[in-house]
Every structure is written in C-alpha cells, then in structure tokens.
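**Student:** Pasting in a structure now, in structure tokens, and then I'll have a few things to ask.
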Amino acid sequence: MAAARAKARSGEARARCHRAPGPPQRPKPRRTTRRCRADTVTARRSRSSAGGRRAGSNRARSRAPRAAVFGGECARGASFKEFSGLCMLKIYFPMRKINEAKISAVFQNGKAWCVPCLVSLDTLQELCRKEKLTCKSIGITKRNLNNYEVEYLCDYKVVKGVEYYLVKWKGWPDSTNTWEPLWNLRCPQLLQQFSDDKNTYLSQGRKRKAITSKDNNKSLQPAVAEYIVQKARQRIALQRWQDYLNRRKNHKGMIFVENTVDLEGPPSDFYYINEYRPAPGITLNSEATFGCSCTNCFFEKCCPAEAGVVLAYNKNRQIKIQPGTPIYECNSRCRCGPDCPNRIVQKGTQYSLCIFRTSNGCGWGVKTLVKIKRMSFVMEYVGEVITSEEAERRGQLYDNKGITYLFDLDYESDEFTVDAARYGNVSHFVNHSCDPNLQVFSVFIDNLDTRLPRIALFSTRTIKAGEELTFDYQMKGSGELSSDSIDYSPARKRVRTQCKCGAETCRGYLN
C-alpha cells in the first residue's frame, strides 16, 4: 500500500501544471497549482485569472441551495444532449429565510416539486457554478466547485514568440474561456485533435489562408477557429450519444459512433429501443402458448417441428434454411436452457458495430468492427408497429423527404408495418443496397402471431471488419421483392427515391 501511494504521489507530481488559468503572472512564493490527467487539465482558478472575482468560500457554499438531478438516465448522463434529453431537477432549500413564493413553487404539501429539464449536462453544471450550487448527481461538489478542466481548445495565437490556446473549461460558460500558454497545458490528445481539425479544414480546399501575421502576432482566421470549435462540440455530442446507445442496448455487442466526413451531429428525434413498440390500439402478445420439453433440441421434436418447419440453425449456429422459410426459436415456455442452439435471434447482436457518416451522400451507415462469418445472425430490425393504413400515410411523407424506414410485416398478411423512423435500434442506420450482404428472415419466438413476425438480418457471405452492412429495402420476409420495387406504372404518384448504392445490379430507385 505504501509503495502504491508513493507511486501515485510521484505520478501526480509529474502531471502537475505550472500555474492556474489566466494571463502570465510574476512568480509568487505560493501559487495555486493545477491537477492534470492524460487528456484534460484540472485547476483551481486564482483570483487574478478569474477576472478579479473571488471564488466562493466554504461558508458561502454551505449556505447556498443544493441541487440534485434525478431521473435515472439523465442523472448518469444517459441523454444529456443539446437537442433532447429528459431529466428531473429537484432543488432543495435548507432552513433559511427565502421568499414564500419560491417555497410554494418548489414544495407542494411538504414534498419537493419535480419539473422536466430539457438542458444538457454542461448547462446544468454552468448554472450550478454560476449560482455557487453543489450537486453530486451532475458532478458538482464543494471540492471541485471552482476546479477548471479543459473541455476543448477553441483558438490559437502567437504573441511575442509564445504560443497560446483559447481554452473552453468544462462545466463553465464560454464567457470564462481564457488564453493559456502551451507550457501550461497537459492535454496531448486535445492538442492533437486541434491540429488534426485545423489540417482537415485546410485540406478540404478552403480558399482562405489559415495564418495571418500582423504586428508580430499570429492567429487563426475566424473561419478556421469556428470550424475547430464545431468539430470539438460535435465530438462531444457524438460521444454522449454513443454512451446513451450503449446504456440503452440489451445485447452483447458494443455500439460506436464516428463522423469524419462533415459536421452532422446525432439525430434529434431518434429513440433507441430493443424490441417492437406497438402504436396506440395495437397489442403485441408476448406470452408463448406452448414450448418444447427437449433435452437436446437438435435431435428431438422441437418448436420448429411443432410449427411444421425444420430447425433453422446448424451446430455452428449458422442459418441453414432458404430465404422465405420462417424461423421458430425456442421460447420462454421451453424447458431447454439459455445455451440451447435454437436461441440465436433472441440473444441480440453479438458483434461490435459502428454507426458512421458515409462519404457517398447516404447519410449515416453501419459497419462491422469485427469479421462476421457467412450465414450468421447480425441484428434485428425493430421499430414502431403501425397499421398498413397508417404506413401508407407516413410513406407519402417519407417519400417527399427521400427517406425509407417502413418494413411491411407481410409474411402471411399485409396488416401491420414496422416504422423505424423515430423508434429503432442500430438497424435504423443500415443503408440499402441492390447487392446487399444481409438477408431478411421472419422469426417467431414468444409471439406466434403470423401477422407479427420479428425481422432478423443474417449475413449472406463473409463480411470483413470495417465493411458496411446493407440489406435490400425491397426484400420481404418471404424472400421475394416487394411489388413497390417492380411497379413502374405512371399511375403510381409516389415520389421516387434515387438509389446511391453503386452496385452493378442497381435498380436505380429505392421505391
């Protein structure tokens, strides 16, 4: 233990920065130091660097109201993003003299009053620090109330041969940004990102010069600095969205997000779900009516045999049936355990996937980060279950916008449709291809209603790591093409969506 503490102290001493944020000062006998980590800089701001404002004392903070954020995901940063995210903000006032109107607004019948809060984690932290509030749920405590940690770098200049970076402090408003000399920063990854973003901007064929010299000062042009800030904010937003997706998923495979193409951020109106979400008026039966009593589902009369079909998988857990043949997996009433070879789709995605921004104008796409063997289960297509009449209405709106998220559940009848436009999983971002590497199969597990099959996507061939995943939007669960893909009659007045898959067998249109 003593050796470990000594090692920790030596590591902290090596990571310590030279001074507090703010303009250069003369050396003083006693200075406030900054504690640094690998990619961030943490500091307690001195009086001079804070623009003459004195940091709140312990006495002042003890009298201040305490704020706490509740609501499950938001308290843990699950959906803290600028465009959405729901949290519950409770403000507790200690025993002090305050206006009765404030008391009545916060407390009702002796209970705290909760209100929905549509702000980001950064905004809540900024409000807490501005009002000298402490809130453990969002990471603001008495100990770090006045700490400064580098969130990203905004700008660059050279003054009298000294390099300075404009620092955005995490949890503080932009008005508190300060110019810091290079020697005062211990954030190599942020510095590298700043340099990469600047070079990316210049390599995109911008017509303006990046560095201008005047009066012995060098600085970035405003357009370059603005782009760097936008990329930094985008990177933070995508990281939060990635964390949100991985908290919401219930499968083994991890979800990653990247955008090296443009400044597009996370979708503003998309909610991750793991299973069908029935629209009002639609009921999904999740109770199985019967189950097998097999000890070895490979050799005994299992659920597929009861349904009049063959077992869909081989001993390597690869699909062996032809497209159009339904898959009947063992369900919750079966006596076989979770290791049963007839439980594949219900276990969810086993591969780590990446939602990425495509460079061919197809928006977001999905690629695999690991090798996927042929005939293997990759993912399930989920969304909101709606009626075919509602799907026709929404389809006209989607066609006008050039998007396609409707999947007809027409294995036996054409009564329901899955709409993954607003509610869905990773499959929401899988692009279309006329020569896809994924095949559609209808699956029945607990719900044996043939009008409501689950949609599973299996690989048609070996897919290399880094390769984009695609399926044919016109492919039905029966294995045939939808009539929409072959009906070119002038009587159809729907807007045609051009296909950009680039395959040799491309049909030209998505619908």
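Glycine is no exception: its Cβ is also placed from the backbone N, Cα and C atoms.
No curator has checked TrEMBL annotations; they are predicted automatically.
Okay, these came from TrEMBL:
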| type | residues | note |
| --- | --- | --- |
| COMPBIAS | 39-59 | compositional bias 'Low complexity' |
| DOMAIN | 148-206 | domain 'Chromo' |
| DOMAIN | 290-348 | domain 'Pre-SET' |
| DOMAIN | 351-474 | domain 'SET' |
| DOMAIN | 495-511 | domain 'Post-SET' |
| REGION | 1-62 | region 'Disordered' |
**Student:** Could you please provide the mean pLDDT value for the domain 'SET' (351-474)?
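**Tutor:** Result for the domain 'SET' (351-474): average pLDDT 93.
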**Student:** What are the helix, strand and coil residue counts for the domain 'Post-SET' (495-511) according to DSSP?
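**Tutor:** Result for the domain 'Post-SET' (495-511), in helix, strand, coil order: 0 helix, 2 strand, 15 coil.
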**Student:** Just to be sure I understand, if DSSP states are collapsed into helix, strand and coil, how many residues of the domain 'SET' (351-474) fall in each?
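**Tutor:** Tallying H, G and I as helix, E and B as strand, the rest coil: 18 helix, 49 strand, 57 coil.
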